[in-house]
Amino acid sequence: MAACFHPPVKPDEDSVILFSTSNSPEGSTSPSSSYYHSSPPQRQLSSDTPAYDLMVNKLSYTIQQKKSTPVKILDSVSFVARSSELLAIVGASGTGKSTLLRIMSGRVKEFDPKSILLNNHPVNSPSEMKKICGFVAQEDNLLPLLTVRETLMFSAKFRLRGVSLREKEVRVESMIHELGLANVADSYVGDEENRGVSGGERKRLSIGVDMVHDPAILLLDEPTSGLDSTSALQVVELLSTMARVKQRTIVFSIHQPSYRILQYISSFLILSGGSAVHNGSLELLEERITRLGFKIPTQLNALEFAMEIMPVLVNSSNQDALSDSEQSPPSHHSHPGQNEVRESHGTQHHEPDSGGSSCWSLLEIMYLCSRFWKIMYRTKQLFLARTMQAVVGGLGLASVYMKVRKDEGGVAERLGLFAFSLSFLLSSTVEALPIYLQERRVIMKEASRGAYKVSSYMIANTIVFVPFLLAVAILFAAPLYWLVGLNPSMAAFAFFSFVVWLIVLMASSLVLFLSAISPDFISGNSLICTVLGAFFLFSGYFIPKESIPKYWIFMYYISLYRYPLDTLLTNEYWSAKGECFSWKADSEGIPRCALTGHDVLKSRGLDKDTRWINVGIMFGFFIFYRLLCWIILARRTSKTTI
């Protein structure tokens, strides 16, 4: 247990062995470091790596709630976070810890950016902080069906622009060792439903995802939340080593760290009601508590006791009365290349501004397509469900309408078959909703960090799903068409399959759009059912166009049911306009044709062959809903704080 209570080892100037936290003789083990299963490689301190001292000077933040008085979240908060050190923001829930971190990471725009300084230079805008900071949110927004190695590799591909694939692979392998994830590198991340890595391993992976591009400043929102004491200690050990080895500035929020964690933290910022009641080391806090006339119980550390006497600390924490050591500006260290940093601290070391090039956009799309294929293939429930749904649905409907007759009753049966097929196909994509909702938070997090553009995601999604849905359409259409005995022309069959493909494409786009605006699965499922029900009602199948109330007539024109239904009917009867489907005897007993294919089309107002016009409209719906989804996701991404 000796390693748990010794202060961290100071690295020498040239190199360090990562996670070497024990001072004990060779061969001893440390419980707090036992999760590292292999010796990670030595890392040289990079002479051109930018190092920053982060100063926050009298930062205030107020939110204006609707029909309510403004609420002040932060009130004149000041502190200094130095490179190579850990600064912990401590306080009860609702004291402004998360808001402070989000402001520093550039995810909140309504504040004075000049209250944040890097190496004594004011920040020009929140976007500047967003470029230079890595931010790890409290929630681990990861894709559960990727492995640990794949998760880091995709992050490296997106974030390390202008770096060769081999260098990215080396970086990822190095990070896997640094994060202590070598033994689970090929395990799925997992989630609540699919077993994967442990909570501590997920948290370290989340840190790695936002450290793969080597940001100068790392901000973490409660990285130990929900972890057991050992996992929490491992995470803080990891952060401490990263700060020392890479000369990084690391700031994180935490509720009440245990005694073993305290040794790794250089400074503490204690918040209460949005104001700073302490800014400095643990020793300074102990001295302050003693000056106030209190004695810290042996079973508590100074930080835990400070939480108990918070009202007293608040009353005594006048900014002017704080000691000079707690309020003095940063004594800047002489970091390698610091003069250059001061001139260009808004630049990103590994991310040149190549995002606008068409070449990089193509690479983004390629990487996203690769990731989509992996996830879709591994989502066995969705993959098999869609395939079985198409096969069983097509065969099931064919068994009901087997060899439909060519009489008046057969005309009605064909119309019912087309209407039910439409309803089945349009509602068959609802099961993709939870997957889209799960991906949405990951997309918003990655896109907001500049990993890729939302437009690249939408294009990749389209490229991957279009051929998959084509296969689904053929599996549904082929058995249904020939077993029912529809128009025997091969051209008519090919067009029927093409229309079925457009139907599932429209449905997929609609679900994607509704997933972008739905807050959760229950709301999204209800919204999809409501929208599809309204489209079906006003398709002209139940209520003729002439009988639809004028204030609802717009639904007839935007219904996803109307155009494919008319197209399928035209495809079936246009080449059989002169064919008779019902005979009746006249007054003289001579049989005469009572219903032709032309009559069937005329009853639906289909006097002209509008098949290709309808195809264009259906394709327009497919594009339209994806454009809406792109606009909504792009807007939400620009405002996200995750």
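Using the three backbone atoms N, Cα and C, a Cβ is placed for every residue, glycine included.
Quick look at what TrEMBL lists:
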- 20-41: compositional bias 'Low complexity' (COMPBIAS)
- 340-353: compositional bias 'Basic and acidic residues' (COMPBIAS)
- 54-298: domain 'ABC transporter' (DOMAIN)
- 1-48: region 'Disordered' (REGION)
- 320-356: region 'Disordered' (REGION)
- 383-402: transmembrane segment (TRANSMEM)
- 414-437: transmembrane segment (TRANSMEM)
- 458-484: transmembrane segment (TRANSMEM)
- 490-514: transmembrane segment (TRANSMEM)
- 521-543: transmembrane segment (TRANSMEM)
- 612-633: transmembrane segment (TRANSMEM)
Assess whether the transmembrane segment (490-514) lies in contact with the transmembrane segment (414-437), where contact requires at least three Cβ pairs under 8 Å among residues 6 or more apart in sequence.
yes
Chain residues in Cβ proximity to the transmembrane segment (521-543) (below 8 Å; excluding those fewer than six residues from its ends, i.e. six or more beyond):
415, 419, 422-423, 426-427, 430, 433-434, 437, 510-511, 514-515, 552, 555-556, 558-562, 565-566, 604
Give the nonlocal contacts of the transmembrane segment (383-402) in its own chain as ranges (CB under 8 Å, at least six residues past its ends).
376-377, 413-414, 417, 420-421, 424, 428, 431, 468, 471-473, 475-480, 483-485
Positions whose Cβ lies under 8 angstroms from the transmembrane segment (458-484), at least six residues beyond its ends:
364-365, 368-369, 372-373, 376, 386-387, 389-391, 393-395, 397-399, 401-404, 417, 421, 425, 493, 496-497, 500-501, 503-505, 508, 512, 626, 629-630, 633
In the predicted model, what is the mean pLDDT computed over the domain 'ABC transporter' (54-298)?
88
